[in-house]
Amino acid sequence: MRDPIDRSYISPKLASMRWTDDLDIRFIQVVELLGGERSATPKKILSHMGVRDLTISHVKSHLQMYRNKKEAESIKARRMIHEMKQRQSQLYLQIYERATQFIQNQQRLQLDNTEKITSSLGSSNKSLYQSSRVGFNENRDNDVVVAGGGVIGEEGLSLELTLGRKY
């Protein structure tokens, strides 16, 4: 068997770099110029930035942090969009349910009113019919022909039957 190889981590000899706001803005501009964080490479970024004492290791590290930050923002944005769509769907459902209830209530009211009117007209129509027959029988001998071809009082009787009132 082979002896296990000892591969201890050797830290880089370069000191860590502090990215200033101006340097970070320049980095972001170069990344966007190169097509975004997924298509920009550390070598291209380094060559476009043109900053002295900036190494490829610095750029690699910063690019990795930038990509992670963008990914976290993207996940957060997608989650927010999903929640907004869910809330919107719930609102649409509530509106639909309320509209349906309103329409059903209006239909019930209309049906109730129709039934009330029909029942009241039914009893008044019977009495109107009976009173019109009595009036017609009383006037049977006194029928007068009018130029329009109708009997005197026929228009009043027709209005009485239609509206349920005497005129």
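Heads up, residue numbers simply count up from 1 along the chain you see.
Including glycine, each Cβ sits where the backbone N, Cα and C put it.
TrEMBL entries are annotated by machine, without manual review.
Feature annotations, reproduced from TrEMBL:
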{"type": "DOMAIN", "residues": "11-71", "note": "domain 'HTH myb-type'"}
Tally of residues which DSSP labels helix, strand or coil - the domain 'HTH myb-type' (11-71): 37 helix, 0 strand, 24 coil
Whole-number mean of pLDDT values that fall within the domain 'HTH myb-type' (11-71): 89
